[in-house]
Amino acid sequence: MQYATALLLNVLALASSVSANPRRHSAKLGAVASECAVCSRIGTDILTAGGGNAADAIVATQLCVGVIAMYHSGVGGGGFATVRSEDGKYERLPRLPFVDFRETAPAAAFQDMYKAQTNLSLYGGLASAVPGELRGLEYIHQKYGSIPWKKLVQPSIKLARFGFAVTPDLVSYMGSSTFMVTDPTWAIDFAPNGTRLGLGDTMTRKRYADMLETVAKEGPNAFYYGAQAAATIQALQADQGTMSVADLANYTVVSRAVANITYRGFKINTGTAPSGGSVMSSIMKIIEGYDMSSPSRINESTHYLNEAMRFAYGQRTQLGDPAFFANLTAYQEGMYSDETAALVRSMIMPNVTLDVAAYNPNGYQILSDDGTSATVSADKSGLTIAMTSTINTIFGSRLMVPETGVIMNNEMNDFSIPNTTNAFGYIPTEANFIRPFKRPLSSIAPTIVEHPNGEVYICHASAGGSRIITEVAQHLWHTLDQNMTSAQALAQPRMHDQLSPNVASFEYGSDRYGLAGYSNQTTAYIASTGAAINFVAVGGSTAQALRLLPNGTFEAAGEPRQLNSAGYAV
């Protein structure tokens, strides 16, 4: 344990020429938060000693997360980012940038490919969609970064090559899995001495370090062309996959419009389809019409929030990849319009939970998705980035490329499978059927909030599959209506209702994480409306957040449900 700690400190020293000490700064340079404290500190080192900006910081941080939190993300996956440039503009005019580096279905993919064996969408070579993370990070760096790409990759190379301490979070996610011991490709990293590494042991990922070393020197093209691409495809095709080297070579990032709404004067900017930002925006517009700030009305506020969730998830059944559907932009704008919100509120009853058909009259399937890792960064110029990256379920497809140590995603599982019903009897929606080059529907909703005058206020990103949408809405409720700090908002107990299954879930408390559970009085009130409720352990969703305070000071907070998460302001 002492050796691992010493080694980790040595690696951190290598990662930056000067170790960031928050007491040396006024917390006005910027802030970074991620699920790995080591990675958040690498990000703030980039802002301080490295001379970089928020784009540089988030690239370095995310690459590090892919090394340490490989169960959630890495270069074998993809994601989304909402970016506010330093002049207050978004990616594309008039107010955009939502950067879509979501994985895409390979050219050989087809609608019924999992009809006989749905498990193949979860594990093995056929489960992987074309990864986009490195292209996404490259896009953000080229458009907004200020220091050389190679410098941003170096800290992660050092961590992967020289090792890092196995964290409590990694131990938890490894659980009792045996594949990382019995599969020789995995065992090199996870069980180098024949038994799985434990808490405090030093883990190295030297093949991953070699891969990153090449990517640092040659850029992300090294991953999408040449020897690394060939190794990836060989591993996938050896395990029933159909992805080709052409699929990797042809992958492109898409820049989309953000969904932007006003909420009590604040400007909320988030993602559009195929992400979940429009659904979150719908929730916020619905609850805007209610008193959500009075402590004496917390039971009623929670009921209205729950009803808003149910209506918004009913709207989600019509979403998919905009490249494959006409008029999807108009549909999304309608989802979170003032008129739609007013109509929904006219249907919500003060003390009653409605039948499912009221929210989802077509009876379409409401998919759950999984995994993901959230990261946020901002700097004093106003450049602000909220990002969520994923390989989908824990450890993705459980396929590791032998030559590079890259863990591949199982994002194909996020598509709908025709002529099937889910466990709750819902039929799949055509909007999310598999097509070649299509991007599957996601719940990811990286969000940036501005003051009425356009100044940055909140940067927030969440992880946790279909619970992302409801977590983001609750965080904004706590900060915008209840005036909580980032840390206070993240520590609040969470609820979730996605309509299918037809149940509202409430977190119970956790001594391990120092978190209180939902009030029994409030949950009893929700049950009295006719809603089915249950209680769940903490950690179904996780998030990272930062705020820019009126005095120009940054505030950052990591997720208390992740023991190794941290946010730092410098």
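Positions of Cβ are set from backbone N, Cα and C atoms, glycine also.
Values in this document were obtained by computation on a predicted structure and should not be read as measured data.
Among Gly125, Gly145, Gly465, the residue that TrEMBL places alongside Arg102, Thr390, Ile391, Asn392, Asp414, Ser442, Ser443 at the L-glutamate binding site is Gly465. Of the recorded residues, Ser442 (L-glutamate binding site) and Thr372 (active site, nucleophile) place their C-alpha atoms 11 Å from one another. For Arg102 (L-glutamate binding site), the same-chain residues lying six or more positions away in sequence with a CB closer than 8 A to its CB are Gly78, Gly79, Phe80, Gly132, Pro274, Ser275, Glu411, Arg439, Pro440, Ser442. Thr372 (active site, nucleophile) is 7 Å away from Gly465 (L-glutamate binding site) when you measure Cα to Cα. Counted within 10 Å of its Cβ, the other Cβ atoms near Thr372 (active site, nucleophile) come to 28, all protein chains included. Taken residue by residue with DSSP, Asn392 (L-glutamate binding site) is part of neither helix nor strand, so it is coil.
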